[in-house]
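Enquirer: Checked TrEMBL, it gives:
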type: ACT_SITE; residues: Cys307; note: active site, nucleophile
type: BINDING; residues: Cys178, Ala179, Ala180, Pro181, Gly182, Gly183, Lys184, Asp201, Asp234, Asp252; note: S-adenosyl-L-methionine binding site
type: DOMAIN; residues: 63-380; note: domain 'SAM-dependent MTase RsmB/NOP-type'
Amino acid sequence: MAAPILKGVRELMRLVDLALVPRRHRHKKKWAATEPKFPASQLALQNFDMTYSVQFGDLWPSIRVSLLSEQKYGALVNNFAASDHVSAKLEQLNAKDFVNEAISHWDPEAESDHSVAPSTACSPNLRCFTFARGDVSRFPPARLGSLGVLDYYLMDAASLLPVLALGLHPGDTVLDLCAAPGGKTLALLQTLCCRNLAANDLSTSRTGRLRKVLQSYVPQGIRERNQIRVTSWDGRKWGELEGDTYDRVLVDVPCTTDRHSLHEEENNIFQRSRKKERQMLPMLQLQLLAAGLLATKPGGHVVYSTCSLSHLQNEYVVQGTIELLANQYSIKVQVEDLSHFRKLFMDTFCFFQSCQVGELVLPNLIANFGPMYFCKMRRLT
């Protein structure tokens, strides 16, 4: 008699225990499948709140608000159009050429610790108009000019800083290792210094966008002189393909694109399906920078840039790459001082004062450009 009773008690306890357990815990797969999914932009903001609040401390609330607010743009004058007419038209909008205005106001006596004048340290012939701090006016869309190309290119004005820092000279051979969608490639051409320009991007769809930019802004005659070469190769292998070849190399790597990740769901790297890709970004960035340095001639210069605030993608990548080249290739690389850049353009951009290596433009409500990190290096051997 005791055995059936004991069996019945056990069965009753099992049923009671099951009744007390929430249904979702007994059907984990089904519960996970119906779990509410956060949009990628919200996941990005959660990630930034955790990491950047530690990295930037009291600065983060201001940066956060600026990232979530409307971005400011600059108008890069197309030197292949009627550029003087375009500049006059932009001046009528009360916009100013921040590049040449900064250079014209440079006081060499006040900066005696820097022997290089900005006119020689910066890539030449670049004109980019911006509205004054606090002015949230917007530029009208560019139009076709009398020469059959668009008058100006709208871009985050901070994106011009890596090209300016590269310091091109007439006759340089130049590599843009991660060129698409094409804004910095176009800026490189605007310097009128490129004897040959190789513009590469692994994605064929992105190089398609790059070709469209070139067609819209560069006359066919210049494109057909074989001055511009567009490729879709794996940039990590460029050191093997064309080692010790280029005078100047721009390595504008794929990154978390912080501002884009907060505003756009499409192609957002914070999508759950792209978690592993995001985690591997610093390794990819290091490989690309190493390839860019290997493709540079000894004595040549490389600028590394991202549109991320993350020091894991910025300073750490630069320092790690320099160590890698020293240990594995016995190649010495020197980081160039760009503090004069910070002083030169401080009226237009807000720079992070505690950047250990390179320079970082912080988004700010009165000057809402960036983020943009850039670091200039010279290959010594």
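Going from the start of the chain as shown, residues are counted 1 onward.
The backbone N, Cα and C atoms fix where each Cβ goes, glycine too.
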Enquirer: Could you give the maximum C-alpha to C-alpha distance in Å for the residues Cys178, Ala179, Ala180, Pro181, Gly182, Gly183, Lys184, Asp201, Asp234, Asp252 that bind S-adenosyl-L-methionine per the record?
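Expert: Site span for S-adenosyl-L-methionine, by Cα atoms: 20 Å.
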Enquirer: Distance check, please: Cα of Asp234 (S-adenosyl-L-methionine binding site) against Cα of the residue listed as 'active site, nucleophile', rounded to an integer number of angstrom.
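Expert: Cα-Cα, rounded: 21 Å.
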Enquirer: Cβ distance under 8 Å to Ala180 (S-adenosyl-L-methionine binding site), same chain, sequence separation 6 or more: which residues?
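Expert: In sequence order, Asp201, Ser203, Arg206, Thr207, Arg209, Leu210 meet the Cβ cut-off.
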Enquirer: Measuring Cα to Cα, how far is Lys184 (S-adenosyl-L-methionine binding site) from Cys307 (active site, nucleophile) in Å?
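Expert: If we compare the Cα positions of Lys184 (S-adenosyl-L-methionine binding site) and Cys307 (active site, nucleophile), the gap is 13 Å.
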Enquirer: Where Cys178 (S-adenosyl-L-methionine binding site) and the residue listed as 'active site, nucleophile' are concerned, what is their Cα separation in Å, rounded?
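Expert: Here the two Cα atoms are 13 Å apart.
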Enquirer: What's the CA to CA span in angstrom from Cys307 (active site, nucleophile) over to Gly182 (S-adenosyl-L-methionine binding site)?
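Expert: One finds 15 Å between the Cα atoms of these residues.
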Enquirer: Which residues in the same chain, at least 6 apart in sequence, have a Cβ under 8 Å from the Cβ of Gly182 (S-adenosyl-L-methionine binding site)?
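Expert: Expected: Ala199, Arg209, Leu210, Lys212, Val213, Leu214.
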Enquirer: CB neighbours of Cys307 (active site, nucleophile) within 10 A?
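Expert: Taking every protein chain into account, the count is 22.
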